[in-house]
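*Asks:* What follows is a single structure, and I will ask about it in a moment.
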Amino acid sequence: MAGFNKTLAADENLSYFRRGSLQEIEQITWDDATWILTSSFIIFTMQSGFGLLESGAVHGKNEVNIMVKNAVDVIFGGITFWMVGFGLAFGDGPWANPFCGIGYFLVDSDESKMGWTFAWFTFQMSFATTSTTIVSGAMAERTKLLSYIVFSTFNTFIYCFPTHWLWSPVGFLQQLGAIDFAGSGVVHLVGGTTGLVATLMLKPRIGRYEPDYKNDMANPTNALLGLFMLWWGWLGFNCGSTFGISGGKWKLAARSAVVTVNGSAGGGAVGIFLSYIFRQRKLDIGDLVNSVLGALVSVTAICGLARPWEGLIIGMLGGGISVLLPKALDKMKIDDPVGVVSVHGVCGVWGLLSVGLFVDQDNIQNLTYGRKGAFRGGGFYLLGVQTLAAVVIIVWSAVTSFLLLKVLLRVTEEEELLGADYVEHGIGRKELVITPVRHFSTASRRTTSDQEYVVRRRSAFGLSRPIEVAAIEGEVFSCIGIEKDIAETQSLDQSCSKKETVSKAPLQRHFRIRPMVSDDDIYNSSDVTNNETARETSHIM
């Protein structure tokens, strides 16, 4: 530890305390601890922001499930970070090394160190759970909840090692002089890379790249509200990364605020401009949201060390990346429902590289250790180190997440069409959908006199087995918004509400209760009542 301080020629009050050991942390004042805890509480509100944004961006049948997964990140991710994650990231025991920390497992402290230890832990846990939450967006609408719980529990191990490398005094990237002020690499690049691996392994949502697929937001208002909550949380994220306000740290916190706001404004302006170009003079809500978030990710690594105009430029480039890259991913049929790969992954890389280009020598807290970026006449050493940091984080996150996500289970086709809110939580879709059989029988093109039908039905243990029931035609019911000439039956649930009676001579018909596989298996009622061969219509929920 002494050798580290000597090598970096840091002043005697080395104060980038988030990177320091508990011995250095003890130099923090109670004012610093108050700042740290307040910032931590603000950062925790980002969980709500991510939840609202993601639930607003996906289809309505999955919005509750997305919010639940954001809660899971804090519950299970928080437990494992307390047990082992914090120690692997910041442990400074005798066995600590450049690869990982050792010590402070099952975090606790005596009264003499309690304030600093717990403040430090709370702040770092808010970062760890944020990194996990990022991945939930890439997995949206097609991941089993239990599988996600397993991922959330063990994602701590993916996160804590890069944290040690960049933010611990003995981490090997830290010793090389790499800089990540508030987590473009440690938090966002780790989450973005893991999200890319997850979406590649899960493959696209059903019908995602069919010409008639409707990828509409369930609730754009919630998505925008989530953006505002994340924007607010990001100020705590970046400004709190000074880890206090004593000495010169309050100056860096103030500069972080200005650079963060400037960068996000620049990114949002570019996003609006590009949206008008590519969306025929319409402002797409997704473009607006992602351009602001991409800009915020981009300035996170340099926010306390950049000039306001530099933050504006870095944010503008990040906003452009966030709007343009998803179009390229869609061309490659990489289904990223909320833009995790572009916003957090690629913009995380850009954030790290921007330090190697724009950063000037820090004379307030010596956070750059006397080095400058390439645009400041400092040569290419720092840019090279930042590039190395990005490559190492990507490789580590990709390999470890692939191994972890091998246990990830995708929902079945039936469950994906029903929606996770109903399948996982019993919320919403308690009505039945009646549709002709296509995937279970070759009889799907029979005449209506013997046409088989399918009813989506849910039981405690999954979709029900086939059951034969009798039905009498003559009344119109509404099933998930689809009017269908079907019968009042002795066995079907009364989940389909009766719309009106169309008095006809009742006909006898048999229905088969089975899970429906595709939303394409929906037919117009006119095809049934006119005794014609049924035809398909498209319906995306």
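Positions of Cβ are set from backbone N, Cα and C atoms, glycine also.
It should be emphasised that the depicted structure is a prediction, and the values quoted were computed from it without experimental measurement.
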*Asks:* What range among 179-202, 467-490 does TrEMBL describe as transmembrane segment?
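*Replies:* In TrEMBL, the transmembrane segment feature sits at 179-202.
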*Asks:* Is the transmembrane segment (145-167) close to the transmembrane segment (74-96), in the sense of at least 3 CB pairs under 8 angstroms with a sequence gap of 6 or more?
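*Replies:* Counting Cβ pairs under 8 Å (6 or more apart in sequence), the transmembrane segment (74-96) reaches the transmembrane segment (145-167), since there are 3 or more.
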*Asks:* Are there three or more C-beta pairs under 8 angstroms joining the transmembrane segment (379-405) and the transmembrane segment (223-245), sequence spacing 6 or more?
*Replies:* no
*Asks:* Go through the chain and flag residues at least 6 beyond the ends of the transmembrane segment (285-302) whose CB is under 8 A from any CB in it; none is fine as an answer.
*Replies:* 53, 57, 179-185, 187-188, 217, 220, 223-224, 226-227, 230-231, 234, 237-238, 259-260, 262-268, 270-272, 274-275, 278-279, 310-311, 314-323, 326, 338-339, 342-344, 347-348, 350-352, 354-355, 358-359
*Asks:* Would the transmembrane segment (338-359) count as touching the transmembrane segment (145-167), i.e. at least 3 C-beta pairs under 8 angstroms with sequence separation of 6+?
*Replies:* no
*Asks:* So, taking each listed stretch (116-138, 257-278, 338-359, 379-405) in turn and counting its Cβ pairs to the transmembrane segment (179-202) that are under 8 angstroms, which one gives the highest count?
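*Replies:* The stretch with the most contacts is 338-359.
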